[in-house]
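Below you'll find the structure, written out as structure tokens, and then a few comments.
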Amino acid sequence: ALVLLVVRQLAGVASGASLPLVINTWAFRKAAETAWRVLQLGGSELDAVERGCGQCEIDQCDGSVGYGGSPDESGETTLDAMIMDGNTMEVGAVADLRHVKNAIGVARKVIEYTKHTLLVGESASLFAVRMGFPYEDLTTQKSLSVYSEWLNQSCQPNYWKNVVPDSSKSCGPYKRPEKVTYKEEQTFSQRSVHNHDTIGMVVIGGSGTVASGTSTNGAVHKIPGRVGDSPIAGAGSYADSTAGGAAATGDGDVMMRFLPSYQAVEYMRMGTDPTVACQKVISRIHKYAPKFFGAIICANTTGSYGAACNRIPGFTQFHFMVSSPLLSQPTEQVVDCI
């Protein structure tokens, strides 16, 4: 019996069946620490998500969150973010946000001050300014140099297909050819492990209430106007206090078609273990896009959690952060891709 008890305890540590819980994508330690501290100081789950993801916006985590990263085809950095309250099922989101650095902060204001869910583009920026956010430039020397280097490399890689001139060899402007001959699409993800594209976070409070959120500056060299999975409820993240929460990261153009975060939460609602729920979601996408780059984190209302990722060359493990009473501090954890 004693042996069994020890094994059980170890299993508990591995899946973290303890509350409160903060789990976030990638080894973004400061984001995890900030969210955990907010909870410890009596802040709400939503506060923790907002401040945790907001920390990554300030730190420009991996150049793929916040200002000064992932310039689009015209050299501009734009931001996408969402936040979700698993008690009320309210969502606030912004996409293609310009000139405002704190995207998830603006997303929270969408919940608090409007009856809407998603605001986009220049109009979202005007809303942000009305809410008291400063209007500032998101371009930096670094994002300008990434952009000019890309122009010098004949705009490679980019996200066009079946256009003239040939997008694999030259810069645009592109247009539709007179006669269309569809080429077999390259299915390899252009995003890679060195080009993470999102912080996603799930926070579960002491009583099991769930909040989730994401923030990103999207795919580098994206076509202006492109919105990925991050600000879309059920794709970038999903929270439901009767079941759990999930958040995704990776090739948003592919992943958003499968609503992976919603799907994972529904699996957990049916009693599926969080790790298995994450794996099932990844396998489902893999069937249609075997070479997609992506990962997902899952946690249920008891504080059990897990993660899964799709194995491709150069991406065989996924790192994520976990904070819970069972751990002396926010801890980086690793899962092997499937």
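Backbone N, Cα and C atoms are what each Cβ position is placed from, and that goes for glycine too.
Here is what TrEMBL records for this protein:
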ACT_SITE  T198  active site, nucleophile
BINDING   R226, V227, G228, D229, T249, G250, D251, G252  substrate binding site
SIGNAL    1-16  signal peptide
Check: What's the CA to CA span in angstrom from the residue listed as 'active site, nucleophile' over to G250 (substrate binding site)?
Finding: 7
Check: How many neighbouring Cβ atoms, not counting its own, are there within 10 Å of the Cβ of G252 (substrate binding site)?
Finding: 28
Notebook entry, point to check: What count of other C-beta atoms do you get within 10 angstroms of the C-beta of D251 (substrate binding site), across all chains shown?
Noted result: 25
